[in-house]
Amino acid sequence: MASSCSFLLLAALLALVSWQATSSDPMRVNGFVCKNPMDVNADDFFKAAALDKPRVTNKVGSNVTLINVMQIAGLNTLGISIARIDYAPLGQNPPHTHPRATEILTVLEGTLYVGFVTSNLPAPNRNKFLSKVLNKGDVFVFPVGLIHFQFNPNPHQPAIAIAALSSQNPGAITIANAVFGSDPAISDDVLAKAFQVEKNTIDWLQHM
């Protein structure tokens, strides 16, 4: 009987300690702290993002301005984010994937050549490439996780697009950067065999 009482007392103490630890730590969902509903205000759902302003493009000729849960706390758990994408003449948003989101893109200005590659489906549809030339007002969808890109074919005019993504934190993996720019570098033996090229070609790509 004494043994049973001791066990019950120990269990109650452990439950109390666990409850105190939980109640003293902030509640997190998807890694972000949940704000007390009584303390929520309009600024939790707002950002003066200036998405109407043009951006300076990078060395591949694009600039992605992503508004996700990192910028607007109120997006957490809502499963949506938005991005403005600027393209220089002949600029591109290079092949990449979003591991947690489908993307729907609308062209606001200019023309874009876009496309994505399907996954390893059974033949004859294995890694099928689907592409389209988009003009102002056109819309295109990139399914979740698939490699896709956008390219501005106009050598004289920039292009602008707005993209909505089905995650508050969609993530992005740029294929060339991940494969040839990893730290530490992937073995050139591995990449030379995978791409069926000489090792000096891989070494050149890794040190660009």
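Even glycines carry a Cβ here, placed using N, Cα and C.
TrEMBL does not curate its annotations; it predicts them automatically.
What TrEMBL says about this one:
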| type | residues | note |
| --- | --- | --- |
| BINDING | ASN93, HIS98, GLU103 | oxalate binding site |
| BINDING | HIS96, HIS98, GLU103, HIS148 | Mn(2+) binding site |
| DOMAIN | 46-203 | domain 'Cupin type-1' |
| SIGNAL | 1-24 | signal peptide |
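Neighbours of the oxalate site: apart from ASN93, HIS98, GLU103, residues of the same chain with C-beta atoms within 8 angstroms of the site's C-beta centroid are ALA83, HIS96, THR97, ALA101, LEU105, PHE142, HIS148, ALA163, LEU165, PRO170, ALA172. Cβ atoms within 8 Å of the centroid of the Cβ atoms of HIS96, HIS98, GLU103, HIS148 (the Mn(2+) site) belong to the same-chain residues THR97, ALA101, PHE116, PHE142, LEU146, ILE147, PRO170, ALA172, site residues excluded.
Across the structure, HIS98 (oxalate binding site) and HIS148 (Mn(2+) binding site) are spaced 9 Å apart at their Cα atoms. Cα to Cα, HIS148 (Mn(2+) binding site) and ASN93 (oxalate binding site) are separated by 9 Å. Neighbour density for ASN93 (oxalate binding site): within 10 A of its CB lie 28 other CB atoms from the protein chains shown.
Figure note: comparing Cβ neighbours within 10 Å for the binding-site residues HIS96, HIS148, the maximum is reached by HIS148. The two recorded residues, GLU103 (oxalate binding site) and HIS96 (Mn(2+) binding site), show a Cα separation of 12 Å.
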